[in-house]
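Annotated features, as they stand in Swiss-Prot:
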| type | residues | note |
| --- | --- | --- |
| DOMAIN | 1-141 | domain 'Globin' |
| MOD_RES | LYS7 | N6-succinyllysine |
| MOD_RES | LYS11 | N6-succinyllysine |
| MOD_RES | LYS16 | N6-succinyllysine |
| MOD_RES | TYR24 | phosphotyrosine |
| MOD_RES | SER35 | phosphoserine |
| MOD_RES | LYS40 | N6-succinyllysine |
| MOD_RES | SER49 | phosphoserine |
| BINDING | HIS58 | O2 binding site |
| BINDING | HIS87 | heme b binding site |
| MOD_RES | SER102 | phosphoserine |
| MOD_RES | THR108 | phosphothreonine |
| MOD_RES | SER124 | phosphoserine |
| MOD_RES | THR134 | phosphothreonine |
| MOD_RES | SER138 | phosphoserine |
Amino acid sequence: VLSAADKSNVKACWGKIGSHAGEYGAEALERTFCSFPTTKTYFPHFDLSHGSAQVKAHGQKVADALTQAVAHMDDLPTAMSALSDLHAYKLRVDPVNFKFLSHCLLVTLACHHPAEFTPAVHASLDKFFSAVSTVLTSKYR
């Protein structure tokens with residue numbers, strides 16, 4: 001459960017990301033593909049090379065979904081319902097991949113915002129990404 005402090009930390013951090021959200025989403029995807037090669041199996045139709053337009057576009061989708069989640073932290077299940085359905089029923093993404101992407105998002109944010117990435121912010125973002133992952137995998141059961 002996200003505390004009031006966690007929500008405040010996440011909103012403040014996400015606010016600083018601003019127009020870079022799509023760029024960071026793409027970078028996190030690239031990190032995920034490099035660090036966890038099995039994740040590539042869900043994107044056989046993508047050009048997965050560095051700077052690929054397809055990876056950038058999907059990175060923007062990830063960022064947009066997270067921006068929506070930040071805006072609706074008090075009701076993630078409703079806000080993420082359609083995305084949960086998509087990943088569970090159509091794409092059938094292995095739930096562990098959300099953890100991999102979450103880790104790579106944390107690394108990406110820490111690289112770009114080291115001064116703001118305090119232990120408290122790190123913990124809050126980790127809890128937030130975990131909450132989003134839990135919602136995205138809730139329909140698997």
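In case you wondered, yes, glycine gets a Cβ from its N, Cα and C as well.
It should be emphasised that the depicted structure is a prediction, and the values quoted were computed from it without experimental measurement.
Structure coloured by features recorded in Swiss-Prot.
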residue: LYS7; record: N6-succinyllysine; Cβ contacts under 8 Å, 6 or more apart: MET73, SER124
residue: LYS11; record: N6-succinyllysine; Cβ contacts under 8 Å, 6 or more apart: VAL70, MET73
residue: LYS16; record: N6-succinyllysine; Cβ contacts under 8 Å, 6 or more apart: HIS113, GLU116
residue: TYR24; record: phosphotyrosine; Cβ contacts under 8 Å, 6 or more apart: ILE17, GLY59, ALA63, LEU105, THR108, LEU109, HIS112
residue: SER35; record: phosphoserine; Cβ contacts under 8 Å, 6 or more apart: PHE100, CYS104
residue: SER49; record: phosphoserine; Cβ contacts under 8 Å, 6 or more apart: none
residue: HIS58; record: O2 binding site; Cβ contacts under 8 Å, 6 or more apart: GLY25, ALA26, LEU29, PHE43, PHE46
residue: HIS87; record: heme b binding site; Cβ contacts under 8 Å, 6 or more apart: VAL93, LEU136, THR137, LYS139
residue: THR134; record: phosphothreonine; Cβ contacts under 8 Å, 6 or more apart: none
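Listed in sequence order, PHE33, LEU48 are the same-chain residues six or more apart from LYS40 (N6-succinyllysine) with CB atoms under 8 A from its CB. For the pair SER138 (phosphoserine) and SER102 (phosphoserine), the Cα-Cα distance reads 16 Å.
Counted with DSSP, the domain 'Globin' (1-141) comes out as 113 helix, 0 strand, 28 coil. Around SER102 (phosphoserine), the same-chain residues at least 6 positions away in sequence with a Cβ under 8 Å from its Cβ are ASP126, PHE129, SER130, VAL132, SER133. Its own atom aside, the Cβ of THR108 (phosphothreonine) has 23 Cβ atoms within 10 angstroms in the protein chains shown. In this structure, the modified residues under consideration are SER124, SER138, and the one with the smallest number of other Cβ atoms within 10 Å of its Cβ is SER138.
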